Amino acid sequence: MSEEEYSEEEEEVEAEEEIEQIIKHTDDHTKRSRERIDLQDGEENMTEAGRAMLAAKKRLEEDDAAKLQDYEDRRRLEREREEEELRILKEKQEQRRLQREEEEKELEERRKAEEERRKMEEEERKAKLEAQRKQKEEEKKKRQQMMSGGIPFAVGTPTGGRNFILPEKKKDQSEKFGNIVQAKQEMGMTKDQREEAKKNFVAQVMKQLGDLTSLSGGELKTKLKEMHNRICKLEAEKYDLEKRLQTQEYDLKELNERQRQINRQKLQSKGMDPNSANSRYPPKVAIFSKYDRQIDRRNFNERKALYDKRNAFPCFPNVPPPTTILEFKLLNDGENKSPGIEEEEEQEEIEIKQNEEEEEEEEEEEEEEEE
């Protein structure tokens with residue numbers, strides 16, 4: 001089938017659909033007109049109750065139509081209001097974008113100017129160092145020529161010492177490390193000192209602003225706008241710097257963690273313990289064997305006797321306890337009485353019995369050996 005035949009068929013189908021829609025529309029119109037005529041004829045033939053019901057139905061339809069119209073009007077007004085707000089927001093957004101572009105351009109220009117100034121200072125410093133180096137070389141050559149020519153050149157003492165003069169170094173360290181020194185000073189300041197420094201800085205800023213009382217209303221408004229724009233710009237720069245600091249801290253943490261992992265892998269490949277190698281303290285050195293030392297051979301009761309208040313003495317195996325020292329104190333009735341004398345007597349009796357038993361055992365062992 002060619003394209004022409006296909007397009008002709010499409011046109012025929014579209015024409016048939018249009019004819020059907022027209023016929024349907026005419027049928028609907030005739031049907032509505034017939035219904036309207038029937039209703040009019042019916043109203044004439046209706047009773048009073050039927051006419052009341054039909055009137056109530058018409059009122060409901062009119063109320064619904066009025067409510068629908070009211071809703072459409074309110075929706076249209078709301079849509080117009082939303083479109084107006086959206087338009088205002090878009091205009092503000094566009095203004096902010098343009099303002100941001102201008103600020104970025106100004107910032108880029110300042111950065112370029114700062115970079116050029118820094119390059120010029122660097123070139124001047126290099127030129128200065130080069131000039132100093134050349135001057136030193138010339139002085140050195142002059143000294144060598146004078147010494148080779150036999151001219152005495154001695155600055156020091158005749159007996160010996162330096163025969164040259166050291167040039168004084170320029171004190172540029174304060175300029176080089178001024179920010180670091182200032183930061184350390186601020187960190188060491190107390191709360192009152194920080195408040196005082198803040199007040200001084202605010203006073204300097206107020207001096208720069210000048211006398212605001214002599215300004216008119218319009219000038220004050222322009223001054224306020226300038227200060228507001230400056231605050232917005234500083235806040236934007238502060239936000240950018242904070243975000244940059246966060247990213248740099250994250251990068252540093254990630255790099256440190258990678259370095260630790262690489263070191264751990266290196267130590268593990270060498271057969272070393274990474275935990276002990278990365279510790280702050282050196283590893284322990286075994287200077288003796290734990291198997292060469294003699295453990296404590298006392299039982300629990302002998303160790304407990306060391307901490308006994310009444311019978312506190314060092315207990316060792318096969319070593320008798322020391323002699324008991326009796327202490328006397330004056331009682332209320334005026335009589336001297338040894339504290340714990342009954343307990344001491346019982347202890348002595350027990351010791352005597354133990355000694356007798358040990359002697360008997362020794363005698364029995366000797367008799368058995370003799371037999």
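Note: Cβ is positioned from N, Cα and C throughout, glycine not excepted.
Among residues of the same chain six or more beyond the coiled coil (238-265), those with a C-beta under 8 A of the stretch's C-beta atoms are 274, 277-278. For 238-265, the entry in TrEMBL reads coiled coil.
Taken from TrEMBL, the feature compositional bias 'Acidic residues' applies to 1-20 (among others).
Per TrEMBL, compositional bias 'Basic and acidic residues' is recorded for 21-39 (among others).
Secondary structure by DSSP for the compositional bias 'Basic and acidic residues' (58-141): 84 helix, 0 strand, 0 coil. Feature annotation from TrEMBL assigns compositional bias 'Basic and acidic residues' to 58-141 (among others).
Annotation source TrEMBL lists compositional bias 'Acidic residues' at 356-371 (among others). For the compositional bias 'Acidic residues' (356-371), the number of residues in each DSSP class (helix H, G, I; strand E, B; coil) is 15 helix, 0 strand, 1 coil.
Residues or ranges marked as region 'Disordered' by TrEMBL: 1-176 (among others).
Under the heading region 'Disordered', TrEMBL lists 330-371 (among others).
Within the model, the coiled coil (238-265) shows a mean pLDDT value of 92, rounded to a whole number.
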